Structures are given as C-alpha cells and as structure tokens.
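What Swiss-Prot says about this one:
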type: REGION; residues: 388-410; note: region 'Disordered'
type: BINDING; residues: Gly638, Pro639, Asn640, Met641, Ala642, Gly643, Lys644, Ser645; note: ATP binding site
type: REGION; residues: 826-847; note: region 'Disordered'
type: COMPBIAS; residues: 831-840; note: compositional bias 'Polar residues'
Amino acid sequence: MTNPSPKLTPMFEQYLRIKEDYPDALLFYRMGDFYELFFDDAETTARELQIALTCRNPNAELKAPMCGVPYHAVEGYISQLLDKGYRVAICEQIEDPKEAKGLVKRAVTRVLTPGTVIDDANLDAKEHNYLGALFWNQDAEAGAFAWVDVSTGEWSGLYSRKLAELWQWAQKMAPRELLLPEGVDTPAMATLGTTQTVRVPARSHFDLKSGTERVMRAQGVADLGSLGLEGKPELVRACAALLAYLAQTQKQELSHLAPFKPLNLGRHLIIDEVTERNLELFHRLDGRKGPGTLWHILDRTLTPMGGRLLEERMHHPWREAGPIRETQQVVEWLFQDDVRREALRTALDLVYDLERLSTRIFLNRATPKDFIALRQSLSALPAVRATLERPANPEGTYPTDAETSGDTLPKPLSDMLSAWDDLADYADLLRRALTDNPPHLVTEGGLFRPGFDPDLDELLDLAEHGEARLQELLAEEQTVSGLPKLKLGYNRVFGYFFELSRAGADSVPEHFVRRQTLANAERFTTERLKELEEKLVSATDRRKTLEYRLFQSLRDTVAEARPRVLFMADMLAHLDFWQSLADVARRNGWVRPDVHTGHDIVIREGRHPVVEAMQGSASFVPNDLRMDEKRRLLLITGPNMAGKSTVLRQTAIICLLAQMGAFVPAREASIGIADRIFSRVGASDNLAQGQSTFMVEMMETARILRQASKRSLVILDEIGRGTSTFDGMALAWAVVEELTRRAGGGIRTLFATHYHEITSLEGRIPGVHNMNIAIREWNGDIVFLRRLVPGPADKSYGIEVARLAGVPHSVVQRARELLADLERTRDAARGTNSAPSRQTLPGLDLPSKQEQVDTIVAPPPCSGVEHPLLVALRDIDTDDMTPLEALKRITEWKQLWGTTREDRS
C-alpha cells in the first residue's frame, strides 16, 4: 500500500482549485505586491516573457516551478502574452489581508483574451480590436457574422444566405478572436491570418431563445425590431454568442455597448480582403504595415477616434452620392484655409481617446491617469469649436473653384455646431477634483485637490500640519493650566504624552491623567491629546480610504456622462477624419473628383499615391485613362517593369478614394460610382492548405466572375500565367469574353496581359479597347516611358528585362536564339496559311528531350447565340447550392436539353 502524498499548503490548495476552472488560461495569482504563476503556467510565462523561473515547495516532496511579475507593471507583461495568443485569468485578493481570518479569499475577476482587452497597453490606438462570431444554419441555409470592439462599445454584423460571403467578411474584418460553434471547421478557402478561432458550446452561446433575451437585455430594448434584427435569427445568434463570451470573460454583463447597427451593404462600396491585400491598403504584400501602404499616406489624423474612422472609411467607402459629396464639401472647406486647418490640428492634438477612456470609466477599469486624460480632452473642446466658428483668414486661404467658400460653413459642420456640447460641467468637475499628477493607483491617495471635500481637507491638514496642531495644544495647556514647563513627548509604547518634573506634577489640573512615573518625571495624557493622537495616527489610512470612496463617487458621476462623451467623440472623429483628408490633399496636390451615378471613369494625369510618395513626384509619370460604353474593358499590354500593375492599382485606388469623399491624385477625375472593386493582381499561394499560385489565382478569378456586376470595377493582371502557354492564353481569352458579355454590356475591367494574341479582340468584341505602356528602344537598350498610350504592344521585351535584372549573358543570348526561332516558325505558319506546324527547338535534338511548340492561331469566335443550358450552367453558384436545390436544377437542365425520362421512354 502506497503512502498518501503529503498534504498541500492551504495556499496551493486554493490555487489549484481556482486553476481547475481555467485550464486554458495563464492564471495570474495575486500575492501581495506580485502576481505569481505556478507549474506549467510558470514555465510558459517565464519562457515567453524571458523572466526568471524559480520554484516553491507546496509540500515536503513537491517542488513547483514559479515566476512572478510586480502588480504595478503587470499590464506590459500581459500585453506581450496576449500578442502571442495566450489567455490570461486575473485572480485577485477579494478581501483586505489585514481583516482576513486565515487565508485571504481570492477569485478570478476577469479573463483577458486578445479580442476582449480594453487597456491601452494591449491595443493599437488607431485600429479597432474586434471579437467576431460566425454562425451558419444548415437547415435554413442562412447565416450571419457579427463583430464587436469591446474597448469602444461599437458592434455590427451582417446576414447572408451565402456561407462563402460570411467567411470573406470574417477575413476582411480580421477579428483577433473568432467564435465558432463546437464542431464547425474552418473552410480551406479561408485564410484567417492572425485571427484565433475559439470553439464555444452552441447550446449556451448560440442558442436563439436565451440569446434573444441576452441581446434585448444588453441593449435595453423590448423587441429586436429597433436593432434591425427582426426576422434575422442567425444574426441574433451571432450577437448572442458575442455577449455570452464577453460575460464569461469579463465576469459581468456589459451594458456599455452602443445600439447594434447591421451593416447595410447597399450603402457601401464592397472591397473584399483579397482586393485590400492586392491594393496594399493597410499592409504591404509582405504583410508589414507602415510605409508602402495607402493607410500610411492617408493617416494625418491626430486622435485615435479619427484614425479608427479613417480605417472604417477605407474598409467601407460610400456607394451613395449624398454622403460622398457631403464629405467632399467639408474636405474642400478645410483644404482652402491653411490657417484654420492648422489651428484645428493643434486643438485636436490635445484630445485623447474619448471612446476608450469612457469605456474604462464605465466598466470601473479606469486609472487616475485616465481621468486626467479625459479632463484635458474636455478642456480642448472649446478650442476645437472656436476653429470652426472663426471667420476665414484671406492670407491663409487656398483659392479653388469650390462650391463652398471659406465663409460658408458646409452643412455637416453647421449641423455639428448646432449640436455641440463642450461638456463644461464635467470639465469643471474634473478640474476642481483631481490634482495635476495623481498616482497611478487609486489606493495610494494623493488624488484630490484641497477644497474639493471638507472631510478630506481636514485629514490632509492633519497629515500636513499634525506637528503644528500638537504644538498648539501644548501652548494652550501651558497657558490655561499655568504649567510653563510642560513638555510634549512620544514613544511607541504610550504614544504622545505631556511630561512634567516630579516637583511640578503636584499642580496638574484634574483633566490630566497619569500614564507613567519615572525617576525624575511624570507623564500624563488628556482627552484632547488622545483625540488628536488618534486623528494623527489614523489620518493617512483614513485619507486613503476617503479618497478611494471619493474616487468611486467621481467615477460614477462621470460614467453618467458616457452618452454625451461618445456623442462628442463621434464629432471629433469626423472632424479629424475630414482634416486628415484635406491635409493630405493639400500636401500632395490632389484634386476634388466629380463623383456621379453613371458608369464612365475619366482620369487625367492620374498618379499612384504610394508609388509617388516613395519615388518622389518629380520622377513619377502620371497617366490618363478613360472608360466608357465603348471602352468598358481595357486590354493593357507592355513589358514587365513598364508599369502595368501600377496603372491598374492606381485606377482602383483613385476610385476608392473618390468614394470615401477624399480628393484624388490626379489633375482631373470623373468617377462613376462602383458597387464593388475586385483585384486579381500579383502572385500568391496557400501552400499550407494545398493551394498553388495558379489555384489561388483561379479561385479569385472565379469569385470575381460570380460576384461582379455592371457597376463593379475589376482589375486583372496576367490571368493564366501559372500554367502552360496555351492553357493560360485560352483561359485569359475566355475570361475577357465572359467579362464583356456579363451584366448586359460588360463589366468595367482593366485587364493586363502578356498574351498579345488577345489584343485581336479589339474590334471583334464591343467594348474591348487596347492600351499599352510605351517604351523606347535606344542603342540596344529599352527605356521605360511609363506612359499609357492607345494600341497594343508589339512585344513583351521579357528577355531585355531579364538582362537588366542581371541574368547571365549566356542565358540571355540563348533566350534570344530560341525566341528568334519561335518567331520564324510562327511567321512561316502564317505565311503558308497551312495547318499548325510543329518545330523542334534548336539545340534540343534528343528525341526524349524534344519540346514542341504549336504555332499560335486565333481561337474560333464565340457563337452569337448560346444554348440556354450553357447560360444556366455558367451562372450557377455551386458554393452555395444545397443538395435539394441541386436536384431541382438538374431536372431543369434536363428539360432544357430535351432529355427528360418521359422523352426516353
């Protein structure tokens, strides 16, 4: 029989009992001034944070690995762990150790996860931090994706009958955590990047009945109609999962969330994650942020709220002319007046993150420093307002042909001023209450100014003037009692006392109480001395306790102002967003585009804003571009490195900027509003999921062909290059034909290709128009002119580009020989007008190594009339077809073909 293990200490028993409830989190266990971690948690944390790993003995036989971090610096350590994808459970002492009988009671007060943090140390100031939830109802063939930023209280979502569309939005919004019902797998097509998937029980988190109650309770409504959730049970379930997870991690029901706003796709230009990546809106193609992205060019915001609004507008530009033109009016008004704009920037620079400050205050997670930041922000509001009310300065204006002059306030700004709230009452309260440099922790005291609270003033006076009070009492007793030789003393045993010589002790008044007799002296106390002593000894503790109570009261009062603070935060965010667009336009010489509801796109001297910023405006070559009913698909040819991809990207970016309401990098621009922008540019693969570069290219092309409409803008770069020459050319040719047939006249498309044979489609298919990037041959070299000119390119100059890239001379020379032979073969075949010939390449004469090349011939023209079955097959979306729907469609197709069972019998 084995001996039982020695009993664990009470502390370790408590630790293990709490840890059992949080097996997937690192448990930060509060012990005095430190958070300690034990066992596997300690080893993991020590490794990830590069801190010392020690050990502690839970009993006589066991040694437990241990590490710890000081409580006053814990935020920085937790931030590192969250960035690495860990969850952290914070276990606090929930009773005062001085009053505890035995082991101090402890409990987990919150669980920190990447998608639920609200502290600045764990957040990027100008980026949203989303928690997402995706739910698909297989029976109803419908689903939803919802997301929330806990730090600001904003949340939204969308309902769809296409599962693929929901996953596209999950990729686009890139939540830090994505909640999925247990048993649901991530599809192979989804590339979630840094998003962590979290499986949660469907019954508890995604349940419709309890979820409906949870959503209505959190939003304070009696029905779902006011939230836009009526008749969308799948979206209700996704929202409910978010709320359940937040309650589970935050250990409280969150009531700070703003009213839920479903995303109205009909109001916004849709840009999927692939297009955002290809256009390098937020990240470069190598995944890094900063220089090389459109965000880096546009971000001249000064407040975190303005930065996040800029991010939102880049994700979701407008599709309606009204909001676009309103934004343009304000941007132009600020663009005109440099003095006003700089004054506005100076005032906005004093404003902190009002949204996140308000959230932390409301959730009782704010530090004294947060209140100081709020005070400074509110104090800046009058200065911001004054910049809008001041008359225009003629010396600082920039003349334009604007519809708004410097003295005419655009309607969005006049509406803003009419509703402006300086929050002067709360700014005054915070000025009167708090010192300029309060401590970081509420429990340390020293928070409040003198004069804010009479009781606190008395305690502060005692702490500061206690010795003087004692001397005043001594002088009073000396005078009133007639004891001029009376002295005041102190020791740790008796505290404060009066002392007289043995000879003078006989004449003390009756209110003197003897405390101690010495050889040559007597020591006394009085009621007043005891009262003063008690006040002095307890003044520090009483002051800290009172200040903590006053701070909580102040927090509750300021929390009531959250709706007003958020209202002004939204105003400041828009002002910051508008001035940022104006400042960027002024600095870079951008112009206000004409945005209309037609389909034409006309750009004069357009530029790529990112490339121009990196190269310098002097060396960047601008280009003109026109798309209309006769030029709906532009075939762009030219050599590598000539600038085809730049032209494609800059056109898409100019359209995106225009629909944000921003100015654009061009001399002049007229943009027909698009409903979606699609981009298939550059090579990429997904090897982890078994998808080659060509497979990814075809999947993205398929999505474009399924989803693009007549109002869409499509940019395609070198479709078909990842396979054999003829396969690739055939695919590219077929894609061009399909794009010109779609949507009753074709889809607006920029199509860059090296398959020069496709340029023969101009004149054969309406709407196809050839353009090329011009080059010049000079003394055996090629000079890239970077100019987009009419007509097709005569050749690709790939060998010359290879030579410029440093490919060895022998390889370049051999390539020239092979090219010359291939061209002779092609020309001979065309000259004899015979059947396609085959020619063995020179130098490859071994039978087993022969490569044969067919002469390129134009494919047959497509028939003017398609069979109805072909039309039905082409338009079907197999990704979202159910088995029942498939059977129904097959029956329809058989009828179209004329081979029903009845016909065969």
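Each residue, glycine too, has its Cβ placed from N, Cα and C.
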Three-class DSSP secondary structure - Ser645 (ATP binding site): helix
Residue among binding-site residues Pro639, Gly643 with least C-beta crowding, 10 angstrom cut-off: Pro639
DSSP three-state assignment (helix, strand or coil) for Gly638 (ATP binding site): coil
Nonlocal neighbours by CB distance (under 8 Å) for Gly638 (ATP binding site), same chain, sequence gap 6 or more: Lys644, Asn772, Ile773, Ala774, Ile775, Ala793, Ser796
Binding-site residues: Met641, Ala642 - member with fewest neighbouring CB atoms within 10 Å: Met641
Fewest other C-beta atoms within 10 angstroms, as judged across Asn640, Ser645, which are the binding-site residues: Asn640
Cβ within 8 Å of the mean position of the Cβ atoms of Gly638, Pro639, Asn640, Met641, Ala642, Gly643, Lys644, Ser645: remaining residues of the chain near ATP: Ile773, Phe784
Lys644 (ATP binding site): tally of other CB atoms within 10 A of its CB: 25
